[in-house]
Structures are given as C-alpha cells and as structure tokens.
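Now, the feature entries from Swiss-Prot:
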type: BINDING; residues: His76, His78, His247; note: Fe(3+) binding site
type: BINDING; residues: His76, His78, His247; note: Zn(2+) binding site
type: BINDING; residues: Arg85, Tyr148, His182, Gln250, Ser327; note: 4-imidazolone-5-propanoate binding site
type: BINDING; residues: Tyr148, Asn324, Gly326; note: N-formimidoyl-L-glutamate binding site
Amino acid sequence: MSRPTATLVLRNAVVATCDRGPSDAGLLPGAAVAVEGRRVAWVGRDRDLEAEVNAGGAQVIDARGGLVTPGLVDSHTHLVFAGERAGEFALRCAGRSYLQVALSGGGIAVTTRATRAAPDEQLLADAAARARRLIAQGVTTIEVKSGYGLDAPEELRLLRIVHRLGDALGGDATILPTLLFHAVPPEQVGDRAGFVREACASLIPQVARERLAGFCDVFVEDGAFAPDEARLLLQAAKDRGLVPRVHAEQLTAGGGARLAAELGCSSADHLEELDDAGVAALAEARVVAGLLPLSTLFLGSERYAPARRLLEAGVPVSLATNMNPGSAMSENVGLTLSLACLKLGLTPAEALVAFTAGGARALRQPDLGRIARGADADLVLWGCGSPEHLAWHMAVNHALAVVKHGRVVHQAPAVAMVDCR
C-alpha cells in the first residue's frame with residue numbers, strides 16, 4: 001500500500017485517540033498524527049512517521065510533548081438568542097428558584113421577547129461571537145438549537161440563522177441545527193393541543209422539507225411539554241426523518257428519559273432528577289445520556305446527573321456546555337471538564353471521551369470525536385500533556401492550536417506555547 005501524502009503533521013505529541021470506549025482516552029505517548037486533506041491519514045509512533053508517511057511538503061506542528069485530542073463536540077447549545085437575564089440571576093442568588101422566576105414572567109419568556117425583537121444580523125453576530133469562543137477552546141462541532149422564538153414563523157427564522165452561522169464562521173466549525181420545542185408560545189397557551197397539532201402538521205414538515213434541521217428536541221418538564229405532548233411532536237419528527245432528542249428530568253422527574261428510550265432518541269439530556277427506572281430504560285435502548293454540569297452549577301443546585309450510575313449501567317454519555325442565557329451562561333470548556341470530574345464523578349479520561357466521542361455519538365456523527373485513519377481531521381493541541389491536567393487546571397483555556405478538516409483555524413499566541421516534555 002502506498003504511503004499517504006500528508007498536508008499537516010502534528011508530532012512529538014501525546015495523542016488521545018478517544019476510540020477505545022468510555023473510560024479509555026487511548027493515550028499514545030511519543031506519537032504523531034498525519035492529515036491528508038480533510039481526513040486523518042495515519043496515527044502512530046513519532047519515530048515511524050517518515051517510514052509510513054510522505055510528509056515532505058506538509059505543514060508541521062511540533063507538539064513538544066503536548067496532548068493532541070479529537071476536536072471537541074459540543075452536542076448541546078442554545079447560541080441563538082438576544083437580551084440578557086442578569087436580573088433573573090440576581091433573583092436566584094437571593095433565593096428564588098428557576099421555576100419560581102419562570103412562573104412569575106421570567107425565564108424563557110424574557111429571552112423570547114428579546115429574541116423576537118432582534119434583527120437577524122444581530123442574532124447572527126451574537127451567535128457567531130459565542131461560537132468563536134467555543135472554537136478558541138477546542139470545539140470543532142457545535143449543535144445549535146432554535147427554541148427562543150416559540151411560534152412557527154420565529155422558529156423557522158431562528159433555524160435559518162443557524163444555517164447561516166456555519167458560513168459566518170468561515171467553516172471553522174461544523175454547525176448541526178436542531179429544532180427545539182422549548183415551551184408553548186404565549187399566544188397559544190389556551191390551546192396547547194392545537195399548538196401541538198399545528199406543529200406536527202405544518203412546522204415539522206416544513207423544517208424537514210427545507211432541511212433546516214437534522215434533529216428535533218423537546219423540553220419535557222413542568223411548565224414546558226408533558227410526555228404525551230412530546231411523544232406526538234417527536235414521532236412526527238421521526239416520521240419526517242428528523243432525529244429525536246429530549247431535555248429530560250432536569251428540574252423534576254417528568255418521564256422524559258423513558259420517553260427517549262421508547263422513541264429511540266439519540267440522546268436524553270440533563271437527567272439531574274433521573275431515577276433507577278430511567279437509568280435502566282436508557283441502558284436498554286442505548287440512548288446517550290447528555291451530561292450538562294454547567295447548568296447544575298449555574299442554577300445553584302447540588303443535584304447533578306447520576307453519571308457514575310449511568311456509566312456502570314452501560315449507558316453511553318456525552319458532555320456539553322449547554323450554553324444558554326437562563327441556566328448556563330458560559331462557554332467555558334475547561335470548567336465543564338472539571339465539573340464533570342468534581343461533581344459528576346467522571347475520571348478525566350471519561351470526561352474527555354464524553355466531550356469527543358460521546359458528543360459525536362449523541363449527534364450520530366461517526367467520523368467525529370476520534371483520531372483514527374479515515375476520521376475527520378478535527379484536532380486540538382493542548383498546552384499540557386494529559387487529560388488530568390485539562391481537568392485539574394480549572395476554567396483555563398489550554399488550547400494552543402485547533403484544526404478543522406485539516407486546516408488550522410485557531411492558534412494561541414506564541415507566548416502561550418509550552419514544552420510539556
């Protein structure tokens with residue numbers, strides 16, 4: 001077999017392939033990765049590079065003992081919104097709960113009003129700025145939900161903005177749009193059944209027809225959608241070729257996890273109030289459990305998702321930021337990794353795999369989240385030599401170079417380069 005001709009090489013690295021299961025980062029010390037075009041062409045021992053790869057004309061990055069991982073996959077975000085909820089944050093700091101604030105006219109309703117009033121270009125620019133902050137921290141794939149428009153015209157508008165986001169970023173990240181049913185629009189709260197029927201008959205088919213989203217997500221929660229309502233929406237989405245997902249068991253045990261298992265959802269996210277029956281249902285159906293620890297921290301709760309029980313039951317897990325204005329106003333990747341270890345009980349290796357291969361699985365993207373021949377060349381060089389260091393040095397951006405489809409899309413200043421050997 002002829003040697004691949006590399007266009008980019010990262011060498012003298014500790015490579016984490018993230019392709020050996022949920023608890024093994026697949027660490028290869030003294031390793032190199034060769035990229036040909038948009039794909040990984042070879043990964044192996046650095047000393048074997050010249051014999052295995054034609055790298056004479058390649059761009060070479062000397063990792064100096066640094067960790068090289070797959071690009072992170074942020075599988076749950078709400079980047080498209082306007083306005084702020086700082087006042088609501090202050091109320092919660094004074095003792096009001098998230099549900100109390102929402103029921104008194106705050107919460108999603110505040111963001112919906114601001115988002116509906118904002119012009120497209122403002123929403124796009126703000127979403128792009130948030131995405132850029134994620135990219136600079138090693139995220140190369142971002143799932144982006146609609147959900148703050150609530151009614152059909154606004155949800156369609158938001159999804160079209162999400163579609164423009166990839167171009168606005170110049171291809172520096174893959175953007176995967178999701179149609180999110182966040183709550184019943186205020187104009188239709190008196191006819192919930194009518195809203196669901198209309199969404200199933202009109203909105204979902206239009207989203208599928210125009211290919212505005214690959215996923216459909218429903219917030220199954222008190223004050224949002226009941227399981228029976230969510231079942232109708234998600235089944236209609238499945239029938240139109242959209243992949244179903246759910247927000248489940250975040251604030252109350254509402255049955256969302258069992259619904260996810262019943263419908264074969266790609267993921268059930270949040271799960272702070274998940275019970276043993278829900279764990280068993282997710283395990284049997286092989287639904288990915290989406291872990292979002294920034295939300296638990298931001299809401300001032302100590303009820304984190306039962307990550308260890310999920311892993312021990314054989315449930316695949318993902319880790320994501322859940323960046324949104326109400327329950328996780330942060331794009332901090334490092335803090336997310338640290339919380340996964342400190343509060344969810346994951347090892348640093350498990351947290352890294354969940355943020356790479358786990359996110360790819362939740363989004364059904366088999367060529368993402370791993371370093372292997374033929375996989376997408378989405379890579380990150382970190383200014384440290386291990387997953388443990390990433391989680392230990394909290395809330396710091398350790399990303400030195402970010403590669404998307406074989407192209408360096410972000411590089412830290414030279415002063416940030418460190419020798420990890």
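The first residue you see is number 1, and the count goes up from there.
Glycine residues also receive a Cβ, built from the backbone N, Cα and C atoms like all the rest.
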Protein Cβ atoms within 10 Å of His76 (Fe(3+) binding site), excluding its own: 30
Within 10 angstroms of His182 (4-imidazolone-5-propanoate binding site), Cα basis - binding-site residues out of His76, His78, His247, Asn324, Gly326: His247
Residue among binding-site residues Tyr148, Asn324, Gly326, Ser327 with Cα closest to the Cα of His76 (Fe(3+) binding site): Asn324
Spatial neighbours of Gly326 (N-formimidoyl-L-glutamate binding site) among the binding-site residues Arg85, Tyr148, His247, Gln250 [C-alpha, 10 Å]: Arg85
Of the binding-site residues listed as Arg85, Tyr148, Gln250, Asn324, the one whose CA lies nearest the CA of His78 (Fe(3+) binding site): Asn324
Assigned conformation of Asn324 (N-formimidoyl-L-glutamate binding site) - DSSP reduced to three states: strand
Least Cβ-crowded entry, counting other Cβ within 10 Å, from the binding-site residues listed as His78, His247: His78
